[in-house]
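*Asks:* My questions will all concern the structure given below.
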Amino acid sequence: MSLSPKELEYLAECEPVQIVSNFHMKKMSLISGDIGPLRPGIPCQVPLWMAVNLSRSAKCKIIPPDWMNVDVLQRIKHEEKNSPLFTHMPAEHYMAIGKLLFQACPGEIKDCDEVKTLMKDIWDTRYAKLRRSVKLFLSQEELPLFAQVDHLTMMEMCQIRPFLTHSLEQIYRLKKTASLAQAANEESQNMSTTMSSSIGHSQSQQSQSQR
């Protein structure tokens, strides 16, 4: 069963990001680990969900990840377009992280609009490549037991899974129908051969009796 966009966003919210707070907070212990202490003006790593909430309350400044940079994204886009393989992405949940940061702190992302466009271009390029790969896989006369595709993110796998499973189900139904039709045809041919043989044998016996 595929994860929903909301579930994937929840996973992305657990990713660490850097913030610079404007208040003091003692170390806080959570199931996922310790957070803080926070001190004004000193960078600290916190989960994305906490960074977003503090930013919305004007209690911190979020430092965008290094990969949310025009130069880095342009390089990834170029590699993705010119390679038949999938490029290793700098973050497993890059699209969800980007969405959350674009909503929470667009003013803190340098060249925000261009970064957003580049991320969308990368996503579109990768998804088109993924669909081509799936179609090539499905077009094989004998489907292999498995196919290895490296560097896909969870969201990309969840997006393509319904298309892939639906296509495999259709192929299975077509092959099953063809197999049943072939079996019925062979059975019909065998019956015709048996009947012809019986008729021939009967006619031969009648001929011998008349003699």
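Glycine residues also receive a Cβ, built from the backbone N, Cα and C atoms like all the rest.
On a predicted model such as this, the values are computed, not experimentally measured, just so you know.
Copying in the features that TrEMBL gives for the protein in this structure:
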{"type": "COMPBIAS", "residues": "183-195", "note": "compositional bias 'Polar residues'"}
{"type": "COMPBIAS", "residues": "196-211", "note": "compositional bias 'Low complexity'"}
{"type": "DOMAIN", "residues": "4-63", "note": "domain 'DNA replication complex GINS protein PSF2 N-terminal'"}
{"type": "DOMAIN", "residues": "67-157", "note": "domain 'GINS subunit'"}
{"type": "REGION", "residues": "183-211", "note": "region 'Disordered'"}
*Asks:* If you run through the domain 'GINS subunit' (67-157) with DSSP, how many residues end up as helix, strand and coil?
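*Replies:* Per-class counts: 58 helix, 0 strand, 33 coil.
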*Asks:* Using DSSP, what is the helix/strand/coil residue split across the domain 'DNA replication complex GINS protein PSF2 N-terminal' (4-63)?
*Replies:* 18 helix, 23 strand, 19 coil
*Asks:* In this predicted model, what is the average pLDDT of the domain 'DNA replication complex GINS protein PSF2 N-terminal' (4-63)?
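*Replies:* Within the domain 'DNA replication complex GINS protein PSF2 N-terminal' (4-63), the model's average pLDDT equals 93.
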